[in-house]
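One structure, as structure tokens, below. Some questions next.
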Amino acid sequence: MSPEVTCPRRGHLPRFHPRTWVEPVVASSQVAASLYDAGLLLVVKASYGTGGSSNHSASPSPRGALEDQQQRAISNFYIIYNLVVGLSPLLSAYGLGWLSDRYHRKISICMSLLGFLLSRLGLLLKVLLDWPVEVLYGAAALNGLFGGFSAFWSGVMALGSLGSSEGRRSVRLILIDLMLGLAGFCGSMASGHLFKQMAGHSGQGLILTACSVSCASFALLYSLLVLKVPESVAKPSQELPAVDTVSGTVGTYRTLDPDQLDQQYAVGHPPSPGKAKPHKTTIALLFVGAIIYDLAVVGTVDVIPLFVLREPLGWNQVQVGYGMAAGYTIFITSFLGVLVFSRCFRDTTMIMIGMVSFGSGALLLAFVKETYMFYIARAVMLFALIPVTTIRSAMSKLIKGSSYGKVFVILQLSLALTGVVTSTLYNKIYQLTMDMFVGSCFALSSFLSFLAIIPISIVAYKQVPLSPYGDIIEK
């Protein structure tokens with residue numbers, strides 16, 4: 001049988017090969033990550049809770065004072081931990097991206113998964129041998145030296161972009177995010193129950209961390225032995241490019257791809273001066289929008305675990321797991337949002353919808369007093385994942401396929417660096433304001449989210465419809 005399938009509207013399309021699907025790697029690694037994140041928070045809380053009790057046994061303090069002290073200790077731990085997680089990949093992530101582009105696409109994925117596994121083993125040994133929590137800084141550094149999440153996710157995005165056409169790329173990348181969200185939801189839902197399986201000071205969290213190590217091991221073995229690199233989707237070279245549509249939708253994705261514009265001009269639509277190719281300012285504006293928005297998201301995500309442990313919410317282990325799972329439902333709703341909005345909106349419009357969604361939810365989160373209010377605020381953030389994923393998709397249409405690895409690594413490292421600064425800043429703001437207005441960090445995130453709309457609006461203004469099919473050029 002022929003390796004290709006004929007499509008009357010698009011010519012020859014490559015046959016689907018299940019071994020090229022990166023989703024199993026994403027799912028298993030994310031289950032491991034969600035179990036690890038919940039386990040890390042609960043283990044650190046238990047460690048500082050025990051230390052706090054012993055240090056103040058001789059001079060009893062009010063419960064509120066002890067809670068504040070524990071919150072500050074956990075916050076200070078995460079400041080250092082996030083600094084290590086954010087800075088350590090700088091030594092290796094770009095190099096792995098370059099090696100992936102030059103030699104083999106799986107290099108960055110496999111190396112970063114090895115680092116994931118080693119860091120999960122570090123948490124397991126901390127629980128098993130009752131090591132001090134400072135050991136986890138070393139585990140995080142080891143993870144970063146193997147590329148960390150920056151190298152892993154840029155490799156995943158490169159594989160997803162490589163095997164998809166421009167018109168399908170937004171859905172392809174958001175589908176990978178959907179798989180990540182579903183896996184994170186399942187892992188978070190189970191995390192609180194797994195943490196409580198072995199009670200007692202020495203065994204608490206052992207089953208949870210062991211499950212995390214098992215999932216990380218599966219992801220590494222699958223990427224090494226099963227995963228294959230997909231073939232690049234070639235563009236038609238001698239005919240007007242067909243409009244790329246998404247199965248089951250009425251409209252089309254509006255493309256930013258300069259090559260399609262060149263092909264259209266070659267068949268009778270000559271470009272006017274300055275309009276042949278998108279300016280570099282478009283990529284720069286997309287970068288700025290992604291970074292400002294990521295500041296808001298990372299700050300909120302970093303503060304939420306501390307916020308839910310403190311009064312007035314004061315959640316237990318199971319409630320913490322459920323709260324983390326609620327955050328992962330955003331992956332599902334964002335995927336559905338892309339499918340619906342792509343029928344009638346351009347990429348820039350979808351990005352702004354997501355930013356408004358997150359900014360509104362963060363503003364509500366600042367005034368949460370009850371558990372049900374927390375879930376309402378999270379529900380308002382239902383499209384919060386759309387912006388960064390759609391920005392990646394738009395950028396991939398402006399660069400050559402051979403540069404996917406390097407460009408995605410640069411973007412991911414930029415987000416990681418801003419995340420390091422944001423984590424430190426937000427944790428310090430939280431410590432200073434938790435007695436006055438505990439929701440101040442969420443209010444700041446809301447402001448930054450709406451601020452990120454400005455560069456995206458400029459990109460949208462520079463785009464003008466060229467044809468009824470939705471192709472766009474710049475002013």
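Every residue, even glycine, has its Cβ placed from backbone N, Cα and C.
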Would you confirm whether, in Swiss-Prot, Leu313 and Ile429 belong to the same side of the membrane?
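According to Swiss-Prot, which assigns topological domains, Leu313 and Ile429 fall on the same side of the membrane.
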Please give the average pLDDT for the topological domain 'Cytoplasmic' (100-108) in this predicted model.
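Result for the topological domain 'Cytoplasmic' (100-108): average pLDDT 84.
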Do any residues of this chain, six or more beyond the ends of the transmembrane segment (79-99), have a C-beta under 8 angstroms from a C-beta of it, and if so which?
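Distant contacts of the transmembrane segment (79-99): 107-108, 111-112, 136-137, 140-141, 143-151, 154-155, 302, 405-406, 408-410, 412-413, 416-417, 419-420, 423-424, 427-428.
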Among 24-44, 109-129, 173-193, 407-427, 436-456, point out the range having the most Cβ pairs under 8 angstroms from the transmembrane segment (348-368).
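Out of the listed stretches, 436-456 contacts the transmembrane segment (348-368) most.
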With Cβ-Cβ distances below 8 Å as the criterion, list the same-chain residues six or more beyond the ends of the transmembrane segment (206-226) that contact it, or say none.
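The answer is 19, 24-25, 28-29, 31-33, 35-36, 38-39, 106, 109-110, 113-114, 116-117, 120-121, 123-124, 127-128, 187, 190-191, 194-195, 197-198.
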Taking the transmembrane segment (283-303) as the reference, which of 24-44, 321-341, 371-391 gives the largest number of Cβ pairs under 8 angstroms?
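Stretch with maximum Cβ contacts: 371-391.
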Summarise the topological domain 'Extracellular' (304-320) as counts of helix, strand and coil residues per DSSP.
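Its residues divide into 10 helix, 0 strand, 7 coil.
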Suppose I define contact as three or more CB-CB distances under 8 A, residues 6 or more apart in sequence; do the transmembrane segment (24-44) and the transmembrane segment (407-427) meet it?
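No, the transmembrane segment (24-44) and the transmembrane segment (407-427) are not in contact.
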Using DSSP, what's the helix, strand and coil tally for the topological domain 'Extracellular' (130-138)?
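Split into helix, strand and coil, the topological domain 'Extracellular' (130-138) gives 4 helix, 0 strand, 5 coil.
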